[in-house]
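Here is what Swiss-Prot says about this protein:
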type	residues	note
BINDING	18, 19, 20, 66, 91, 106, 232	shikimate binding site
ACT_SITE	70	active site, proton acceptor
BINDING	130, 131, 132, 133, 134, 230, 253	NADP(+) binding site
């Protein structure tokens, strides 16, 4: 008798580059679980509600959500976890018999790679590039799990950054939050930690510019910094290359990807992701891709 697998997937726009299917299918296969993870490309924000209604009808078990829909899906949820409600962004959805529950595991994906550097971050300014759902998760992670002296938000349009700052200040954020423009290189240089929470530098994403969020000749990056790039394809982005060239600590987006994926996997399946197996298999895949490119 045929036993249907439970379907999981990634909601996003032009996300064929994602390693999430490989990660989750590797984990499910290792544990012998009846899940299959795929990609659901949605072309525009206005199609998201009907897509999620269709998912309810089809009995799709759950989703990850990526750029640009982490905020869009919030209004479609029947319930929100405390962390998703706190930041107004969802990256993980559970379909519980037609009830959609939104979570945010990006926070875990940010905290886990940064934990070894907590003492470096303590009482020092930190910076985040971006004003979307990933940036919101970074603000929440840094303000609740670490003790920086302040969080600087670097954005292209200052009014959007100011709006985000107001949103967090209304929640009595325990750490000062300020808005700066992308060309404020002095403020960036003085940050102990810089996080790229934008898609800039992503390979194969038509909507994101190539290159680095920090220009190589800007003098921003130095050996006393931690550079965390949420972009994971390519594994070594131009920003991470710049970090390594200047002696800064470089944290690749793959670490965040695995961190948030492991938490999502546990929410869906009730099982701990076999992280060592997943990391080893992913590294093998990346090495193969690098050789063939």
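A Cβ is built for glycine as well, from the same backbone N, Cα and C atoms used for every other residue.
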Among 18, 66, 70, 91, which are recorded as recorded positions, the nearest neighbour of residue 132 (NADP(+) binding site) by Cα: 70
For residue 20 (shikimate binding site), the one of 70, 130, 134, 253 that lies nearest, given that the recorded positions are compared by Cα: 253
If the shikimate site is taken as the center of the Cβ atoms of 18, 19, 20, 66, 91, 106, 232, which further residues of that chain fall within 8 Å of it by their Cβ? 10, 15, 64, 257, 260, 261
Nearest to residue 19 (shikimate binding site) by Cα distance: which of the binding-site residues 130, 131, 133, 134, 253 is it? 253
Check each residue in the chain of residue 130 (NADP(+) binding site) that is at least six apart in sequence and keep those whose C-beta is under 8 Å from its C-beta; list them in sequence order. 138, 153, 154, 155, 196, 197, 198
Specify the secondary structure state of residue 106 (shikimate binding site) as given by DSSP, simplified to three classes. helix
Binding-site residues: 18, 91, 131 - member with fewest neighbouring CB atoms within 10 Å: 18
If you tally other C-beta atoms within 10 angstroms for each of the binding-site residues 132, 133, the top scorer is 133
From 131, 133, 253 (binding-site residues), the ones whose CA sits within 10 A of residue 106 (shikimate binding site) are 133
Just name the winner among 134, 230 (the binding-site residues) by count of other CB atoms within 10 A of its CB. 230
